[in-house]
Structures are given as structure tokens and as C-alpha cells.
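Take a look at the structure below.
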Amino acid sequence: MPILAQAVLASHNAGKVKEFQGWLQPWIGELVALPAAIEIAETADSFVANACLKAATAAKVMGEWAIADDSGLAVHALQGAPGIYSARYGATDAERIERLLREMADVSDRAAEFICVIALARPDGTIAVTTEGRCAGEILTAPRGQGGFGYDPVFWVPSQQRTFAEMSPVEKQQVSHRGQALQRLREYFQTLNP
């Protein structure tokens, strides 16, 4: 029996809803997307604060449990940029990658990490828990691979000897920042229902 009969995911992305639902069964009976008419601006200054803002707002507006995530790429040589602005670093994935590679053209330190924070909010908007996942890697000088999205073609994962874009969705999920954060949320639900 699910711990939560239904919860809302603070996203309009049906693919993300399906991914989260797959990770969170059997603890959440049904996970639904935020209605298209509801937009939540990411106005906070950190991944944690943005995830909490989105989860709390969705919970209060919908009157039910809500889950939200915020994630992005933090490049060491760029002092953590693009960070919380990862999705707004350009108009398209190609433009974001082009800008990143241009800014790193003469940079030898290519270390970077993807960060994901997930927040679970009660129907009154209070935060029940946040979880975090990180995946360390390096920024390549040119894209590799056809899969994934965003910065995946230039994000090299040394432990896998491939970019995210060269991994299958299942392989990526096993090592990614979002996969780690979702696994920690699963562990939280397991403590509620031993």
C-alpha cells in the first residue's frame, strides 16, 4: 500500500513524471504533473532553495504532497557556473554547450559536477525532506554521443569512460546526480514504511 495515494511533481515534463514514478513506486500511488496553467519561477539562489520553493508552492496551490527538483552543472574553473542558471545559459542545448565550451576554451581544469536536489513538501507547503545527488566529471572540448540532453554530450564521467550522451538511459540513471537523489528519496520513504 502506498504511503502517499497521490502527489504532484512540480514539472510540466511528462517524461520526468514517468521517471520519478518509476523510482518512487510503491511509495506513491500516482504521481501527476503540475497543471500547465501553473508556472513556478526559480527565483532562489541555490539548488536547495529552488527545489524547496517549487515543492512548497506546488503543494500549497494543489493542496497535496509535492515533489520538486532543481539541478544543474557546476564547473570548478567557472566558480560553479552555470550552476542554477544551467537551463538559462542559452536558448537551446546547442547554444548552452557552445557558450560553455567558448568560456572554457583556454581552461586546463575541466573538473565539473552535476548536482540535483529533490524536495518533498507536505500539503501545507512545509518541507518534509530534501535529498541531493552529485556526479563528478569533466567537460570535454567537443561533444560526444547522441543520447541525453542538455550538457550530456560534453560531460565526461571518468568512472564510466563515457559521456552521459554515450550512455543508455538506464546506465545514466545508475550514476547520475538525479538517480542518486531519487535513490535517497526512496530510502527516506523506506524509513517511513519499514
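Each Cβ is built from the backbone N, Cα and C atoms, and glycine gets one as well.
DSSP gives ASN13 (substrate binding site) a coil state; it is part of no helix or strand. Within the same chain, residues at least 6 positions away in sequence whose Cβ sits under 8 Å from that of ASN13 (substrate binding site) are ALA33. Per Swiss-Prot, the feature substrate binding site maps to SER11, HIS12, ASN13, ALA14, GLY15, LYS16, SER71, PHE149, GLY150, TYR151, ASP152, LYS172, HIS177, ARG178.
According to DSSP, ASP70 (Mg(2+) binding site) sits within a strand segment. According to Swiss-Prot, the Mg(2+) binding site annotation covers ASP70, on the basis of sequence analysis.
Swiss-Prot lists ASP70 with the feature active site, proton acceptor. With a 10 A radius on its CB, ASP70 (Mg(2+) binding site) counts 25 other CB atoms from all the protein chains.
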Per-residue Cβ crowding (10 Å cut-off), top of binding-site residues SER11, SER71: SER71
For ASP70 (Mg(2+) binding site) and GLY15 (substrate binding site), determine the Cα separation and express it in whole Å. 16
Per DSSP, three-state class assigned to HIS177 (substrate binding site): helix
Packing count at GLY150 (substrate binding site) (other Cβ atoms within 10 Å of its Cβ): 19
